[in-house]
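Engineer: As annotated in TrEMBL:
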type   : residues  : note
REPEAT : B:12-50   : repeat 'HEAT'
REPEAT : B:89-127  : repeat 'HEAT'
DOMAIN : B:89-270  : domain 'Phosphatase 2A Regulatory Subunit A helical'
REPEAT : B:166-204 : repeat 'HEAT'
REPEAT : B:205-243 : repeat 'HEAT'
REPEAT : B:244-282 : repeat 'HEAT'
REPEAT : B:283-320 : repeat 'HEAT'
REPEAT : B:326-364 : repeat 'HEAT'
REPEAT : B:365-403 : repeat 'HEAT'
REPEAT : B:404-442 : repeat 'HEAT'
REPEAT : B:482-520 : repeat 'HEAT'
REPEAT : B:521-559 : repeat 'HEAT'
Amino acid sequence: LSSSSLLLHHHHHPWSPIMETTKSMRRARQRRSHSSSQFRYQSSQVELTPLPLLKDAPVAELHDLFCKKLQQCCVLFDFLDCVADLKGKEIKRAALNELVESVATSRGVLIEPLYPEAIKMISVNIFRTLPPSENPEFDPEEDEPTLEASWPHLQLVYEFFLRFLESPDFQPSMAKRYVDQKFVLQLLELFDSEDPREREYLKTILHRVYGKLLGLRAYIRKQINNIFLRFIYETEHFNGVAELLEILGSIINGFALPLKSEHKQFLVRVLIPLHTAKSLSIFHAQLAYCVVQFMEKDATVTEYIIRGLLKYWPKTCTQKEVMFLGEIEEILDVIEPSQFMRIQEPLFKQIAACISSPHFQVAERALYFWNNEYILSLIEENCQVILPLVFATLYRVSKEHWNQTIVSLIYNVLKTFMEMNSKLFDDLTASYKVEKQKELKRERERAELWRGLEEYQERRMQMLTEAARNQRNLQERGERGDTLNPSSPQTAHSDQPEPKPSGASSGAGESAT
Amino acid sequence: MAGADGDDSLYPIAVLIDELRNEDVQLRLNSIKKLSTIALALGVERTRTELLPFLTDTIYDEDEVLLALAEQLGNFTMLVGGPEYVHCLLPPLESLATVEETVVRDKAVESLRKISQEHSPVDLEVHFEPLVKRLASGDWFTSRTSACGLFSVCYPRVSSTVKAEIRQHFRTLCSDDTPMVRRAAASKLGEFAKVLELEYVKSDIISLFTALASDEQDSVRLLAVEACVSIATLLPQEDLETLVMPTLRQAAEDKSWRVRYMVADKFSELQKAVGPEITKNDLVPAFQNLLKDCEAEVRAAAANKVKEFCENLPEDNREQIIMTHILPCVKELVSDTNQHVKSALASVIMGLSTILGKDNTIEHLLPLFLAQLKDECPEVRLNIISNLDCVNEVIGIRQLSQSLLPAIVELAEDAKWRVRLAIIEYMPLLAGQLGVEFFDEKLNTLCMAWLIDHVYAIREAATCNLMKLVEKFGAEWAQNTIVPKVLGMANDPNYLHRMTTLFCINALSKACGQEITTKQMLPVVLKMSNDQVANVRFNVAKSLQKIGPILDSNALQTEVKPVLEKLASDTDMDVKYFAQEAISGKLSYHWVLKPFNRLSYI
């Protein structure tokens, strides 16, 4: 994997700015809450004194001064108290600004001894246990996030880190001694920050780290997997899923072919199950992008993807159902015809089910597939298979749906089918009633079967209780001294299912021993 | 149905399996939920040889179906032929224990734990323990997490060589590569420690405990705190200091608030587990720190434990510890910046009065109660009021009544109806403690005012409250104080208030008894049958049905019946319906007395 294969081109994706809605305006709290749990671990407060400016320093002293400024920036301040130590805060802010400026513009500043100091300064500032959410039912779509109080400094530290990584002088071979697995793990945990500004920085930074420090790639992927798996199966809460997926989108883009089994496993066991999350809407665009990236890399994963989505198809949440349908359309847009044939049957059964949804947005979204020319051409090629799958639904829903738009969309679809294959269409129309009858008959037979089974069960249960009672009586008599052989376990298990003795006494024998 | 007596040719397995394979998930789910019925129809032999292999092979389904299957299989022992054959159930459950979905996996583990008890010791070693080993060394994390829950059920019943293997597997999982598995192991550490021999608790468990408690992920570390309780209980007192306390101290000062929260949350259990000496020397300062923690979540969790912690302090110097170490922190919490902290404290603080006795309560606690009664957050005030009974026993409620009243009045008029509702629910309790005079003088007006609240839930609660008050103070009190006011509302211009009269009568008639009901309430109800608003009229019908059982049959026949018959021919459909309901309801009540009347209404 060359680092150049890693592209970050998500910023112009049409879906990036999804959630600027009026809803959040409406529910915005009057008070923007700030939080920081960073300051409290520093016991004694150091007084800062301003150092000379970097730009005035003689070349010989530059590195030493740079280092001193880095050390100065390791001092943390209490931002919850906004008037505390204003002078110190200002000195640190100015120093950080200078460091950013220097690393971004001058060459030759980043020499080896500065690496541990720089990474230490970054670690001290950014690594912290994120505070508990002020709003335990925080809904990222509706509520205002809690913003990081120490952002005035934190932002500059992130900016410095980013410039550091992007500097032409940056040497991965030196950095990797300090930016190690432990460092990356802590960096990943910060993605849970509620502050979107912080996550934005983290996203770009992690992307650069992934691109430049090749030795950490496998580890980063594995830890992202762990974060996702915990999110899916344990906590259902992690603020940075969208950002991590965005990075993964570009990582997937750079995968070499043929796909390693590790990557396929990631698709099947992590990306697809991510669709089950309650908060899917927040990261669905990025997730769908990743899924489609996989398909474009290797068409043979198509079947896993579609079957996976069908397995996790939302049962009660129509909003999610619409998202799933959107993703299916994105997939069908790039599907290979041979792959389409492998999944058309289960897929169109689901699409038929969506068309008959009483929620008109679901039905509408499914019917829009017929407006997509590529999908329409796939349907036409496989009309013999697909039409029989959806015909009965279309026919029934066209007569029953409460929403007029749906009814007219269905008429269009029926018309399209009629034009595609009028013979098949007529046959299906003619046999519709017969099929319906057959279905009813099957249902009756099933009901009959279960009734029989349940009657049988009831009788068996009665027999078992009776046998158990007899057994008990016998035993009691035995205990009173009557000589009576308890039935041997061997005979108890000779399994002639009926009529009375064996099966029954196997239960009874048990309760007696 | 010729062979329905159980001839298995009637239900060929194919038909039954078809049911389990039905395309419709819902139908599939229904069939799986009745798997025992199918197994019974097949008999034990075919269940073992045909049904179970089918189930094992086809475990790729919706999680919902798998969950039902995992649950069913835990109760299948008899259906496969009893304990002798119970190991047949292991293959499908093993597959289920490896699926992704946590709920399914947990259920499979639960079923496995259940059927492990039905294995003979030999079968446990031959069949069950190898399964645990396979799971413990599975490729994907799911099987390894499942394995964590199975060690403790087989350990006590296997040979010492196998025991050694099990301990080794558990050790491996505690240092697993994925945090999910380490979390699972950490959460089972306490349970596993309980079944181990003491020497292995000391040699194995302690090192695992120490390692997990300093894991790089706080989600693992916090689970070790839970294990700490069990482990400390198992060890002799003299070992606690060296084996457990270093780790516990470290957890109480962990840099992650989640870990500190866990320590606070488990504080009472920890206190009991480590005993009085360590509590005095270590836990008291640790508890002080938690009460002063920088994170509100932690403070709230600790505040919740204040009473329990003080209660469980060694009696010889309990009072001194509380007064010098705990009370100063408590005083600070009363004016905490976070309302959850204050309200957690308010829910337990009153309990301290029984521990500290009358004098200390008056001198030190009373000012705190009073401050909390004036807190800006209604939840804090409510929590104080809801625990008044503790103080009442120690110093009598009168000490508080001066401040209590304004607090109650303010809550009673709070803009949030849920707050009003909450205070109403404490009224009967307050009335009992304050006594009837104080009540009549100060609170009666409030109780009546709630009857005309603009929120229905409040009016409803207010009627219920009146009923409880009458139960407390008696019918005579009711007749003098509340019945006249309630009946007066029958003439209110607002129909909602007129209906409230009816609702009150429904609630009060039983507590007031036949005399008051017949003489005072019934005439009002009957008069209201002429109300212009249909809602009032059909509520009259409902009320008559309600109070019917309390009236004597003469009143029923001469007064109630004619009115109901009139309402039964009302122009409004609903009025008619409820009148008819009342007639048939009431007459069936008196059916024993007047069997012939009933016929005319059938």
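Every residue gets a Cβ built from N, Cα and C, even glycine.
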Engineer: What residues elsewhere in the chain lie close to the repeat 'HEAT' (B:365-403), defined as a C-beta under 8 angstroms and at least 6 residues from its ends?
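Structural biologist: Residues 330-331, 334-335, 339, 342-343, 345-354, 356-358, 410-411, 414, 416, 419, 422-423, 426, 429-430, 433-434, 438 contact the repeat 'HEAT' (B:365-403) from elsewhere in the chain.
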Engineer: Could you give me three numbers for the repeat 'HEAT' (B:89-127), the DSSP helix, strand and coil residue counts?
Structural biologist: 30 helix, 0 strand, 9 coil
Engineer: Which residue counts does DSSP yield for the repeat 'HEAT' (B:521-559) in the helix, strand and coil classes, in that order?
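Structural biologist: Secondary-structure composition of the repeat 'HEAT' (B:521-559): 34 helix, 0 strand, 5 coil.
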Engineer: What is the three-state DSSP composition of the repeat 'HEAT' (B:482-520), stated as helix, strand and coil residue counts?
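Structural biologist: Counting residues per DSSP class in the repeat 'HEAT' (B:482-520), I get 35 helix, 0 strand, 4 coil.
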Engineer: Within the repeat 'HEAT' (B:166-204), count helix residues (DSSP H, G, I), strand residues (E, B) and coil residues, in that order.
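Structural biologist: So the counts come to 33 helix, 0 strand, 6 coil.
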